[in-house]
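Now, the feature entries from TrEMBL:
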type: COMPBIAS; residues: 810-827; note: compositional bias 'Low complexity'
type: DOMAIN; residues: 107-214; note: domain 'Cadherin'
type: DOMAIN; residues: 215-329; note: domain 'Cadherin'
type: DOMAIN; residues: 330-444; note: domain 'Cadherin'
type: DOMAIN; residues: 445-552; note: domain 'Cadherin'
type: DOMAIN; residues: 551-657; note: domain 'Cadherin'
type: REGION; residues: 810-831; note: region 'Disordered'
type: TRANSMEM; residues: 662-693; note: transmembrane segment
Amino acid sequence: RFVDCGRGGLVRFECSNPSDFRIEVDGVVYAARSIELSTLPASLLLIKASDTTTQQQWVTQVKLTPSTDYNQQVQQVAAPPVMSEDLQEIVFPSRNTDSQLKRMKRDWVIPPINVPENSRGPFPQELVRIRSDNDKNRLLRYSVTGPGADQPPTSVFIIDPISGELSVKKPLDREHISNFHLRAHAVDLNGNQVENPIDIVINVIDMNDNRPEFTHQIWNGSVPEGSKPGTFVMTVTSVDKDDPKTANGMLRYKILSQNPESPTSNMFTINNKTGGIITVAAGLDREKVPQYTLIIQATDMEGNPMYGLSNTATAVIRVTDVNDNAPEFTAETFFGEVPENRVNVIVANLTVTDKDQPNTPAWNAVYKITGGDPTGRFSVPTDPTTNEGLVTVVKPIDYETSRTYVLTVEAKNEVSLARGIHSPRQSTATVSIRVIDVNESPYFEPNPKLIKLEEGMMPESTLCTFTAQDPDRFMQQTIRYSKLADPADWLRIDPHTGRITTIAILDRESPYVKNSLYNATFLASDSGIPPASGTGTLQIFLLDINDNAPVVFPQETEICEKPEPNAINITALDGDLNPNAGPFAFELAHRPADVGRNWTITRVSGDYAQVSLKIGFLESGIYDIPILITDSGNLPMTNTSYLRIKVCQCDFNGDCTDQQHIMAAGLGTGAIISILLCIIILLILVLMFVVWMKRRDKERQAKQLLIDPEDDVRDNILKYDEEGGGEEDQDYDLSQLQQPDTIEPDAIKPVGIRRLDERPLHPEPQYPIRSAAPHPGDIGDFINEGLKAADNDPTAPPYDSLLVFDYEGSGSTAGSLSSLNSSSSGGDQDYDYLNDWGPRFRKLADMYGGNDD
């Protein structure tokens, strides 16, 4: 019975052993199966009452005892339910007193003690009584050891040392410790062991006190669109800390809701035991519903909605795209135009639409020309940004060949369409391209043009006609010809007919001819607007004729004075080709006569001969030997070529000595002229330097102050930007400047008084001619004379006025120049003589002269 004390809430009952017993909502306990005496649980049956509203729980214990009647008697005991005299006893097994081994009976098995977790007490709560048969004749003391007693966690279980009652002191948590293994001991008052220790196992009975917990609160999965029913999507998992071997830890899954509910509200189902989610309906379409959100519930107690605890999680299922939509053109026909002969030009942009997910292989379009372009002049690459097809010209188009092109273009995706999906008619479009005629350049045919001629052709000879063709057949145009490149300036072309004639003799040996081939380029221009032009190359292969005489090689050599070894090998050079060149015939000239007396020539082969001394000794020097050389042309050419031989003294190796080399070598005319030019240039440079130094000295002298005993002007021209003057400014008697005490005190001008530097309005007086300046050694008198002249000049700048200079320190023995007093006698001074000093003093003459302006 359960008294709710007027709470009025719904109370749910649970038993700790649902496999053997069950309890109904009215509190009646039934046996769930046939129970034998041997299988009757040794522990108490726990009954838990839970308020479904407040989740408050109450626990009571039921002791089951076998009865002699057919029916078992069920007694309900409220907490505290067990009295000390009703506790189950565990008796120490009897010991074999005759044996020294003190071993236990083999068939003695102590059943475990079951204690429910989360018990509300009161505590300590008695569990069992431990007793020994030896307590009848003497006093014993009982104790327990092990985890939960004297080992961590300590003080969970205690035992009365006298009565042997084992109790629990606090609620137990199965999820923390599921069982305890204790050992009971019995000793006498002296501490002697009376009984062998016995093992006691205490099992913590699980209660449904933990809700299922999903390993993730949000689960993400995906399924391809168009999937068939039964397609696996994902698996969600949840864990329960309760005992998985009991109903408390057995979970069941279910789908509470689906959003959106399209096309049906039950597109998915879940395996209630494994949590696997599969599809149960067809119609997944990403273009309509790209994502589903499911609320998944996990419930323990095998999914019992009344007794089980539940928890929820969210499953997000994304519908992935498959290529179930073919690209479709936005128009049936596209138009474009392109000038002829243009390549890599975009003619038209083809636009398509595709309902598949953008920027995926199922959306990216691939274009293919299926008709209208047999020569492959167009291609349609895809713009990666806009997915448009770019009709592009890849080969030149000729307006005269075809004026229009009509292409058939098909659009597909990078991946094939899904099974059962076919391309619609809109996946094919027509592209109409109009070719624009432009003025094309004339072209020469063939280009280059090769002709063969003998060299030596005379001017005004006609070579050939080199004409160009105009590809613009539909334009009435004329072509004019001109010469573009003619390195040797040998040719001329008629501007109207293209006939090429010579204006100079063609020479195969010209430096402009390479390998007997001469190239000239001509230009053909039409009369179009704007005009177009083309070039053509005329290649003239010049056939060789015997027009070059052979010459000896080498032209200079040396030989020893004595004839052995005195042979010189020579050959001949001929600008012509075979057979107009070698073999050559060598012969000494008949004149002068001493050539034949001193020298001889011997033929070695067709191209080589040897020149040697004919006499035993020839004086050192340079000798020019004339040799007649004849080639092998059809009309042979003979030339007298001179071989310069230097005869010198030789060492034992047959080589000219150094001195003789120098003497024999000599200096050529060019070398002598070069040396003379260098000497002349060096002399000119030296002369220019001397003139420049003299001119510089004159300028320096002109800049210096002129010291004239008759008229010294050093008081009129002052130069302030010179630090450290020359020697001319240093032969003064500076002692005069270092005696300021000699100056009269009343001549010192008061500090701060300045003259007005302005020209007076009245006519300037005529000043007397200044007396000649004293000798430069008397510097004091010289300065005083200058001050007097300055005081008498009303137009002179106030040089004796108060001036501000940078402070250069104290300690000088010389007095200030401002202490010099100038008298205002008003004497006249005539400065017209400055005009006679040259242009450098003309400005001073204008400033101090007698002119009013």
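These residue numbers are counts, starting from 1, taken along the chain as shown.
Even glycines carry a Cβ here, placed using N, Cα and C.
Just so you know, TrEMBL annotations are computer predictions that nobody has curated.
Helix first, then strand, then coil: DSSP counts for the domain 'Cadherin' (107-214) stand at 4 helix, 47 strand, 57 coil. Looking only at the domain 'Cadherin' (445-552), the predicted model's pLDDT averages out at 87. Helix, strand and coil counts from DSSP across the domain 'Cadherin' (445-552) read 0 helix, 50 strand, 58 coil. Per DSSP, the secondary structure of the domain 'Cadherin' (215-329) breaks down as 6 helix, 50 strand, 59 coil. In the domain 'Cadherin' (330-444), the DSSP tally of helix, strand and coil residues is 3 helix, 51 strand, 61 coil.
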